[in-house]
Amino acid sequence: MSRFEPDRNEPLLPSLSSLAEYKRLPDEALPQLAEEIRDFLVTKVAQTGGHIGPNLGVVELTMAIHRVFDSPIDKVVFDTGHQSYVHKILTGRAPDFDQLRQRDGLAGYPSQAESPHDLVENSHASTSLSYADGLAKAFALKGERNRHVVAVVGDGALTGGMCWEALNNIAAQDDLQLIIVVNDNGRSYAPTIGGLAKHLTAMRLNPSYERSLDTIKETLGKTPYVGGPIYEVLHAMKRGVKDALAPQGLFEDLGLKYVGPADGHNLDDLTEALWQAKKFGGPVIVHAITQKGNGWDPAVSNESDQMHQSASYDPATGQATGPKQRKWTKVFSEALVAEAEERQELVGITAAMAGPTGIEALQKVHPDRVFDVGIAEQHAVTSAAGLAMAGLHPVVAIYSTFMNRAFDQTLLDVAMHGLPVTFALDRSGITGPDGPSHYGIWDMSIFRVIPGMQIAAPRDESTMRQLFSEALDIDDGPSMVRFPTGAVPAEDLVAVSTREGVDILRDGGANADILLVGAGIMAHSAMAAAERISSRGFTVTVVDPRWVAPVPAVLTQMASEHRLVATIEDGIRSGGLGDALARELRDAQVNVPLVDNGVESGWHPHGTRQQLLEDLGLTVEAIAERITEAALKLPSGQ
């Protein structure tokens, strides 16, 4: 066989129609392919937006995994599946990247519908080791000893408690064919694990590691007792090595083997480490040091998050190319800082997302009043409870979808104690391209059931500031302010009057036919729908309750003054505002029909917000038609 000689006039990537094609490439071709993949990612993600930084950091790592293991016989599980773009390319989906995160196009996370090589679709962090534990145990139980499970974890995920729980269980069964690949870039969205690389650079990949336990003990004995949490996880699993982060007994009997650290951008190092791990025959940790954004200066030089996730951008500079719009997150951020100046008891908590949630602005002016707990939502909430017990008023800034993970803590640790904790839920409602695991459609239904919980839904910039301030005034229980992603409406929707805290946006007059209740951003849709409905001869009142949980008592009275009630919300119908109002009407024996417009419970595919509204029947046109149809069925003269 002749030696492979790269020819830059003959690119390799277009010929990779399958994983089999990739595996047939000679080793000498791989550096060229890695370069092509980086160029491809920068160009394609520039058009669609997406997670560019994390994927540039795992090019060689993903290539090495697919050289050593045989997917889909072997299972590869990506924690926080945003780092799966290279995996998608190698498994034959490069031609689909023009439609990345677009409607009916390639998902931004693994998708079983796309490929047999994709397994775990949930993109919430810190779950991969638990999935891998179950898969490996199932293969062992079924006698499928030739099948391996590879869990790719990192990018901040090891700050989550589930990983530690899984490690404890994995180590208890020493015959599992399970390889844990730690993608150690020292970051999640922003730096959350400091000092790891600094304390490990003295160690190098040792091919004889598994053959010489005495050598490893000697090496570990010479290593300074320092470092962050991952360092301690990886090295405190040998008997007799002390650990400062967890009880000694938790780790001293663990039998996990360790290979590394390997250069995460050196294919030879990575491949050698993975072959060692594969041959061992039990659970192994392979530690790879990577750089988020590697190979593209705009990402590497981005100090805040190394372009973790970006909208469309100029591939030459990394600068955003879309229209500059005032965003909801920015409005919250400004309101937070302003309130903090007036309220010395206000403190902020973020789960490794200071920038994306807007709490970074407070961190800059009052760094001692902001706590970044890592990707640990459950801890964030109970820590907030402790802060509140001591007389402070914590603001927990978190994406709506991630808040679901901390229901028990919110219920029992905060609400049961009547503690003043305010939750700022960014990305609430229908969020679009990130897909079903990131939609914020559950929050109103889930957290409404908590005794004492008060939930606000602002419709514009003014109500965002007002409601956030009102939430901070609540001192006897939890409050929640939910707001969408994207641009805040250019103009405020001004109320014509207010009735017991409920904003009346359109007054249908005495004996109006229909009461439209628009929650949060959907108040704008309610106003537009009212115009259409009124053109059919019905008189319409439009209100924004502002506080959607509990249901304002005055809404029941207002409903009794109309012939038909309709609610409009961008959360799931089951347990939502419409459900809650219908129950209040029944309890009050107000016999008025109600049409609830909301999201049907299910797994809705990715797309733009407008496309999803169309799919869900929540466009202005669809809402107006549904309500008009119900109104036409009302008995005449009722």
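Glycine is no exception: its Cβ is also placed from the backbone N, Cα and C atoms.
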Co-listed thiamine diphosphate-binding residue [TrEMBL; alongside HIS82, SER123, HIS124, ALA125, GLY156, ALA157, GLU377] among ASN169, ASN185, ASN294, ASN302: ASN185
Winner by Cβ contact number (other Cβ atoms within 10 Å) across the binding-site residues SER123, ASN185: ASN185
Fewest other C-beta atoms within 10 angstroms, as judged across HIS82, HIS124, which are the binding-site residues: HIS124
Helix, strand or coil at ASN185 (thiamine diphosphate binding site) [DSSP, three-state]: coil
Taking residues HIS82, SER123, HIS124, ALA125, GLY156, ALA157, ASN185, GLU377, which bind thiamine diphosphate in the record, the widest Cα spacing (Å, whole number): 21
ALA125 (thiamine diphosphate binding site) in three-state DSSP notation: coil
Cβ atoms near ALA125 (thiamine diphosphate binding site) (within 10 Å, other residues, all chains): 29
Assigned conformation of GLY156 (thiamine diphosphate binding site) - DSSP reduced to three states: coil
